[in-house]
């Protein structure tokens, strides 16, 4: 095959394949926006677009970050989320946010966001933030004060702990309109696996597993 013909053949093959990698919500790249139609099911690439005639200014607005969200026990921490379900106009834009208020003695427990990287910006107080490398299990921690920023890479386990005697407040920003959330404590102890199975795979005594299942099994999972 001649060089020019080979190049043309390669282009004809690759272009359709590459187009398959573009998410449905990447319509936001070819039009002004793609406001999520929350009446339809979510998909791996985002929500379908709401008809433009049905779009309103409030689709791009929320005041949820202006105040603390509900407190989640036993972590003594409140969360207020501004993601696609609260702000449909975020659909396909690759952005999202959460306000976290960590009361004295409170923590944001080990958790991961499967769909997004994150940075945390401290508005008030002092906290310890850290994450664990998936490759080496090395832990990276940093004490953060007002005005500090810290980054967590996508999918890595991370946490925050209030180090002060007052509420520590931060804004967390995400690289996805729907970053996902899995909290390690709930994954281990709010599941339906028998206690003896969890004990065997975690090397935690069955008695302690049963105690933790009783603690976390009845709790509301943050979203």
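The backbone N, Cα and C atoms fix where each Cβ goes, glycine too.
Quantities reported herein were computed from a predicted structural model and do not represent experimental measurements.
Features reported for this protein in TrEMBL:
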| type | residues | note |
| --- | --- | --- |
| BINDING | 111, 113, 118, 158 | Mn(2+) binding site |
| BINDING | 113, 118 | oxalate binding site |
| DISULFID | 34-49 | disulfide bond |
| DOMAIN | 63-210 | domain 'Cupin type-1' |
| SIGNAL | 1-28 | signal peptide |
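Residues near residue 111 (Mn(2+) binding site) in space but far in sequence (CB under 8 A, at least 6 apart, same chain), listed by position: 157, 158, 159, 181, 182, 183, 184. Of all Cβ atoms in the protein chains displayed, 26 besides its own lie within 10 Å of the Cβ of residue 34 (disulfide bond). Taking a C-beta cut-off of under 8 angstroms and a sequence separation of 6 or more, residue 113 (Mn(2+) binding site) has the following same-chain neighbours: 152, 154, 155, 174, 176, 179, 180, 181.
Sorting each residue of the domain 'Cupin type-1' (63-210) by its DSSP state yields 25 helix, 58 strand, 65 coil. Close to the recorded Mn(2+) site, the chain also has 112, 116, 131, 152, 156, 157, 172, 179, 181: residues not among 111, 113, 118, 158 whose Cβ is within 8 Å of the site's Cβ mean position. Using a 10 Å Cβ-Cβ cutoff, residue 118 (Mn(2+) binding site) registers 23 neighbours. In this structure, the C-alpha atom of residue 118 (Mn(2+) binding site) lies 25 angstrom from that of residue 49 (disulfide bond). Of all Cβ atoms in the shown protein chains, 24 besides its own fall within 10 Å of the Cβ of residue 158 (Mn(2+) binding site).
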